[in-house]
Structures are given as structure tokens and as C-alpha cells.
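What TrEMBL lists as active site, proton donor is Cys336. Residues or ranges marked as pyridoxal 5'-phosphate binding site by TrEMBL: Gly228, Glu266, Leu267, Gly268, Arg269, Tyr365. Here TrEMBL flags Arg269, Arg305, Tyr309, Glu337, Tyr365 as substrate binding site. Positions annotated as domain 'Orn/DAP/Arg decarboxylase 2 C-terminal' by TrEMBL: 18-363. Under the heading domain 'Orn/DAP/Arg decarboxylase 2 N-terminal', TrEMBL lists 30-273. If you look up TrEMBL, you'll see Lys49 marked as N6-(pyridoxal phosphate)lysine.
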Amino acid sequence: MQINKISLDRLTPFETPFYYYDMELLNRTLQAAKVAADKRGFHIHYALKANFNDKVLAAIQALGFGADCVSGNEVQKSIDSGFPAEQITFAGVGKSDKEISMALKHQIFAFNVESIEELQVIDEIAASLGERANVSLRINPNVDAHTHHYITTGLDENKFGVPNSELEQAASVLRDCKHVDLVGLHFHVGSQITDMNVFKSLCVKVNEWKNWFEERGTTIKILNVGGGLGVDYHHPDENPIPDFEAYFDVFDKFLERTPQQEVHFELGRALVAQSGTLVSRVLYSKSGVKKNFLILDAGMTELMRPALYQAYHKIERLGLSTETSTLNYDVVGPICESSDCFGKEVSLPISKRGDLIAIRTAGAYGEVMASRYNLREEIRYVFSENVGG
Ligand SMILES: *Cc1c(COP(=O)(O)O)cnc(C)c1O
């Protein structure tokens, strides 16, 4: 059940702060994505880094999605959670030898390779283990995602992928790597992208690079266009499910491909963000010289996005309010950092110690980024079925 529809007496018994997961919304979101992808023959790998809560993963795995991992432990976690190895991709600019060996032994679907040196290292390790590695070459397409600069990944100045200038060399190294098979091209331009024109530009680049390889006699089986579809942080109740139809439609229309060529996606945020809410209690309210502060028992240690990249999250007072007048608050956490602030000048009903506050759209890059800084307690979570919702 939607967090702000649950009666307060069902939420109050739980110790705060905690993540609340609306499993019904999660399942509806996954279904919507699956229907839209299946219709077009597209494949989805869920990007584990967005949320690897066991129950969330189980729901995603149950629908037959693959997994997209960025560390050896994520590869292991997907396997332990039941994702078939042949549906697991492994990306990241800094894969260690240990991580590469582990993934090779599991015979994962593909490594998304981010540099020429990495290609050579994978080849060597595969040779020593007597394994073969499927790789997709991650190409930096130099497409501006028009998103926050900290979550843009597809520009020449970013550390991700092989730059265009080195592709000639990469193609020649690939021919020398005897334990590596090039199966695809991989692109990922950034996160929280809401402008469909960005994906259209990406398609144009993918077509160009696919043709470039094919002109050199290399067949490309997999076109992996990454993830990045954004969600509506401002209107979680009005837009709980991203428009997967519109998103996949762009690729369906603009990606040139043969019936043999598969299109793969790595969605993270769009699948899980709206299902999660961080629930917190007001510890203190305080009037500063120029400001009113609401001090919560949750902080950047539970949800780091606002402190890390000034991300917006909708903040709500839970429970039916008899208090009609509102006040503008700076909503802050207890951590000893000035950046530990969830929102400035947030209009809320006049609130007091003990009131419950919901920080919405926190299902992606929330719980996974929790830290023990200040020796904070381990993060807690509650599922919709626990509150009878
Ligand atoms: C983070 C990441 C994703 C998922 O991004 P979202 O914005 O959460 O969809 C997909 N692919 C790669 C390579 C990533 O690093």
C-alpha cells in the first residue's frame, strides 16, 4: 500500500528510521516493464546496484529479468538470488583479477569491457583458467544525458567506456585475444534521464558504431543500451510507474537492427525507485535565527542522495493532520555534516517531536548507499505485508 495511505497506528510500532517497500507497486512496475519489453523482444537486466535488498531481488528474479552487476560480490549475489549466470552482465571500470576469475568460473553472459587493458587482462585470466569470455565493448558515445553532472557517464570527459579514438586499436586487440569473444556493444549514458531525445541520440550513435564494426567484418549480436530511465521524484503518487512504453518505443523506432540482433537494457532506478520510502521520526523542531529546522532520526547515513548530489526527494508528514497551518522547514538529519540535509524550505504541516516523516522515491540508490558513519545502526526495512498493506 502507498505509504501515505497507511493508518498511523500501523506504522508507529516500527522503530525508525526504516525503509518501507511497497511490494505491490514494485510488482506492478516490474510487470509494466516486462510487458513493454516482451512485446518488442527486448531483454532487461536489472542493475543490482540500485537496490539489492533480498526481497526486492526475489521479486525481480521471479519475473525472469537478468542481472547487471558492477562488482564481483554483485555477481555472486545475483547467482545466490537465483539469477541464471547466462543472464548476468558484469560492468565497471575497475574489475579486479579476483572478480574477473570468479565471473569467468560462473560463465556469465558477458563482461562489459571498459578499456583495452581490461580486455587483455580478461583474455589472460581466461587462458589461465581454460575458460572463454564473452565480452561487450563499452563505447563512450559522447552523448549528453542532460542530467546532473555527477550521474552523467557517456561524455568524453567521463571515466567510463572505451573512447572513440581507441576503438580501432580495441578492434585489433580483440582479434589477438584468443580467449575472448566479442558478442556485443555496450552503452550507458547516465542516470535519471527523462528526456526521450537523449535516448534517440543514443540510438543514432549505436547505429553508427554497429555499422563501423560490421564494415570491418565483425558481427554484433547484442546491442546493450544500458539503463538510465528516470522517475518522477516530484510526483510519486501521480506518476508511480515510469512510461516504459514510450521509453522502449524510442529504441524500437530508432535502433537499426536485424532480427538476429538482440537489444538488451540495464534498468535500475526505473524499476525500484518509487516502491521505496524512507520513514523517519522527528526528534526535535527548532527555530533558528532565520530558519525553522526539523531534525529527523534519519540522515545521510540512511539516504545519501541529497548530500551526494543535491538530489530532490519529496518529503511528507504522515498521518491525518488536524493541524492545517504549515511552516517552511529545513529538514535535516542528525549526522555531523552540514550537507546532511534532506530538503530546504520544505512546506510541511507544523510538526513536532514524534511525528512521522516520509522521504519518498527512495527505493533506488537509497538503502544500498547506507553507511555506518557516526557508527550508526544497521539500516532497517519494513515491507507492505508487514503493515497489513
Ligand atoms: C548504474 C548503471 C545502470 C543502471 O542505471 P539506472 O539509472 O539506475 O537505470 C546500468 N548500467 C550500468 C553500466 C550502470 O553503471
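In case you wondered, yes, glycine gets a Cβ from its N, Cα and C as well.
Automatic, uncurated: that is what TrEMBL annotation is.
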Recorded positions Lys49, Gly228, Leu267, Tyr365 vs Glu337 (substrate binding site), shortest C-alpha separation belongs to Tyr365
Lys49 (N6-(pyridoxal phosphate)lysine) sits from Tyr365 (pyridoxal 5'-phosphate binding site) (Cα to Cα, rounded, in Å) at a distance of 7
Closest by Cα to Glu266 (pyridoxal 5'-phosphate binding site), out of the recorded positions Lys49, Arg305, Tyr309, Cys336, is Lys49
Quick note, Lys49 (N6-(pyridoxal phosphate)lysine) and Gly268 (pyridoxal 5'-phosphate binding site): C-alpha atoms separated, nearest Å, by 7
The answer for which recorded positions (Arg305, Tyr309, Cys336, Glu337, Tyr365) have a CB under 6 A from ligand 1 is none
The most crowded of the binding-site residues Glu266, Glu337, judged by neighbouring Cβ atoms within 10 Å of its own Cβ, is Glu266
As a whole number of Å, the Cα atom of Gly268 (pyridoxal 5'-phosphate binding site) is distant from the Cα atom of Arg305 (substrate binding site) by 15
